[in-house]
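To keep things clear, I will list the structure first and then write my remarks on it.
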Amino acid sequence: MSKIIAINAGSSSLKFQLFEMPSETVLTKGLVERIGIADSVFTISVNGEKNTEVTDIPDHAVAVKMLLNKLTEFGIIKDLNEIDGIGHRVVHGGEKFSDSVLLTDETIKEIEDISELAPLHNPANIVGIKAFKEVLPNVPAVAVFDTAFHQTMPEQSYLYSLPYEYYEKFGIRKYGFHGTSHKYVTERAAELLGRPLKDLRLISCHLGNGASIAAVEGGKSIDTSMGFTPLAGVAMGTRSGNIDPALIPYIMEKTGQTADEVLNTLNKKSGLLGISGFSSDLRDIVEATKEGNERAETALEVFASRIHKYIGSYAARMSGVDAIIFTAGIGENSVEVRERVLRGLEFMGVYWDPALNNVRGEEAFISYPHSPVKVMIIPTDEEVMIARDVVRLAK
């Protein structure tokens with residue numbers, strides 16, 4: 001038996017989950033928030049109860065030391081020698097990393113070298129990696145990349161129709177994200193369907209505040225909706241998804257905003273928030289539609305119809321589909337979004353049961369038994385995928 005800790009470091013946060021492997025039992029999980037800001041918050045769950053402490057945590061290294069102290073203080077582990085491996089979520093692996101990788105000084109430098117591809121995320125991920133390396137230098141650590149799963153996409157999927165030298169010189173191409181989640185739910189779908197993954201054509205819909213759709217054929221990603229950055233694809237909580245690129249100079253001219261300001265609007269003030277005018281939270285939007293709010297209704301329809309279009313396009317791309325999977329916060333919990341996305345897909349063999357769809361947050365088939373295309377809800381588990389990769393690579 002081994003104990004593996006899965007880490008997701010943000011710019012001012014650190015999420016953690018400790019697993020007993022290979023049973024995949026979760027021993028504890030928690031979150032450090034507001035790192036480097038006054039009144040940092042440390043939350044850890046012990047025997048199902050949440051313990052919260054407000055204190056000053058100036059940087060990630062202090063957060064890591066506090067986390068490790070709490071593991072022993074609460075008796076979750078006897079001492080730090082019990083930790084056999086650390087898995088770090090890293091958002092962007094570029095073209096360099098098509099699989100998770102054991103972290104060495106060399107691989108850390110390579111991750112730093114591609115940080116410009118994900119300036120909001122990778123630097124924070126690296127801070128987390130270095131903080132653990134400082135405190136537990138001899139424990140094997142693994143980086144698990146959001147982009148790695150999509151490195152199987154063929155050229156016709158990942159190339160933009162731009163001058164080819166942009167790709168050669170600057171690495172401008174589609175990378176795709178949420179790969180760890182898409183990989184988990186498609187592997188789990190094969191288990192639930194009782195069929196080999198290599199024989200399946202699957203469409204995975206990871207719908208959270210960020211959302212992406214993936215076409216997975218024979219267990220390999222062949223296309224996905226996000227692009228060079230996580231801004232592309234479907235409309236999201238605050239992100240615009242795909243727009244006409246010529247809009248950017250047009251908006252700059254009309255509003256007097258700089259390019260960075262327009263980009264900030266596309267990333268943080270668009271999507272559900274932009275259209276509804278009041279919230280990026282889908283639950284608020286759904287409630288408002290029940291009260292007759294027309295802008296909320298429009299926001300919900302835009303969100304669902306973009307997903308609906310990707311499903312149709314990916315089914316065409318794979319010459320059919322065996323199952324459609326809904327996952328992540330919205331995909332797992334929003335009865336209304338699933339209903340709107342699936343409406344009208346009967347022409348391609350999708351027959352779903354409204355009664356079965358009335359489920360939240362648990363594994364379920366929501367299609368009729370006779371439906372040629374199965375529709376499934378599979379709660380994602382990116383952390384367990386990280387732990388599995390640590391076990392696989394740190395042997």
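Note: Cβ is positioned from N, Cα and C throughout, glycine not excepted.
If you take the C-beta of ASP146 (active site, proton donor/acceptor) and look for same-chain residues 6 or more apart in sequence within under 8 angstroms, you find ARG89, VAL90, VAL91, HIS92, GLY93, PHE177, HIS178, GLY179, THR180. Among the features that Swiss-Prot reports, active site, proton donor/acceptor is placed at ASP146.
Positions annotated as Mg(2+) binding site by Swiss-Prot, on the basis of sequence analysis: ASN8, GLU382. Within the same chain, residues at least six positions away from GLU382 (Mg(2+) binding site) with a Cβ under 8 Å of its Cβ are ASN8, ARG89, THR180, SER181, TYR184.
Per Swiss-Prot, ATP binding site is recorded for LYS15, HIS206, LEU207, GLY208, ASN209, GLY210, ASP281, LEU282, ARG283, GLY329, ILE330, GLY331, GLU332, ASN333. DSSP assigns ILE330 (ATP binding site) to a helix in the three-state reduction.
The feature substrate binding site is assigned by Swiss-Prot to ARG89. The secondary structure of ARG89 (substrate binding site), as reduced to three states from DSSP, is extended strand. Counting every protein chain shown, the number of other Cβ atoms lying within 10 Å of the Cβ of ARG89 (substrate binding site) is 22.
The site 'Transition state stabilizer' feature in Swiss-Prot is assigned to HIS178 (among others).
According to Swiss-Prot, the feature site 'Transition state stabilizer' maps to ARG239 (among others). Taking all protein chains in view, 26 other C-beta atoms sit within 10 angstroms of the C-beta of ARG239 (site 'Transition state stabilizer'). A coil conformation is recorded for ARG239 (site 'Transition state stabilizer') in the three-state DSSP classification, outside any helix or strand.
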Checklist entry - ASN8, ASN209: which of these binding-site residues has the sparsest Cβ neighbourhood within 10 Å? => result ASN209
Next on the checklist: Just to verify: the residue among LYS15, HIS178, ARG283 with the fewest other Cβ atoms within 10 Å, which of the recorded positions is it?
Outcome noted: ARG283
Item to check | Whole-number Å value for how far ARG239 (site 'Transition state stabilizer') lies from ARG283 (ATP binding site) (Cα to Cα) | outcome: 17
Item to check | Neighbour tally for GLU332 (ATP binding site), based on other Cβ positions within 10 Å of its Cβ | outcome: 21
